[in-house]
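Feature annotation from TrEMBL assigns Zn(2+) binding site to C43, C46, C80, C83.
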Amino acid sequence: MGERKVLNKYYPPDFDPSKLPRARRPKNQQIKVRMMLPMSIRCNTCGNYIYKGTKFNSRKEDVIAETYLGIQIFRFYFKCTKCSAEVTMKTDPQNSDYIVESGATRNFEPWRAEDEEADKMKQKRDAEEMGDAMKSLENRTLDSKREMDILAALDEMKSMKSRHATVSVDDMLEALQRTTADKEKRLEEEDETMIKSVVFHNSGGYVKRIRDEDIEAEEQIDQLSHGHGETSYNMK
């Protein structure tokens, strides 16, 4: 049994590569290729949605008599994943995209509409500037002003980024500790102010509140003191 992965092949001494027959490929022959769907489409036969990135075994061929600036345009044939209906699309080198020819409809893509709108605005501007020098000068002035505003915004962002870059982790920690210390000091000062505002018993403006129990106790003490004084006087 021969080796499956052959690295070295034997060529006899009388081998002449010019005598090998050349395989002639027929013109516009279709080639089987494995590809991924470049956009999301909807099948016109069954209504199935086929999303971007779906893999297909497709057939590729050259589009006859159709090029763009010397770039060959290719056509691809593949089948729907649900009903096996044939779908055809071809390359669009002018817009770096693909065009669905038959069998399906391309889904709406908002960014394509934005690009088309931008192209229309550009074409409209070119048409306006073609015969009006003042309009061209006005547009260039607006473009210069817009570029200056963008550069000013970029400079501001760069300066802000440089300021942030100069702040190190140690500086941030130190600032945080300083903030905490200031907060604690402020709380201590508030506590001291509150303590000083409280009126204690030994203050001059303090008025003692007399309760009934205190009055009765004082009367009893006075009676006892008077009785004790009279007893001592009689004994004398």
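Glycine too: its Cβ is placed from the backbone N, Cα and C atoms.
Any TrEMBL annotation is an automated prediction that lacks curation.
Take the mean position of the Cβ atoms of C43, C46, C80, C83, the recorded Zn(2+) site; other residues of that chain with a Cβ within 8 Å of it are N44, T45, G47, N48, T81, K82, S84, A85. For the binding-site residues C43, C46, C83, the greatest number of Cβ atoms within 10 Å around a candidate Cβ is found at C43.
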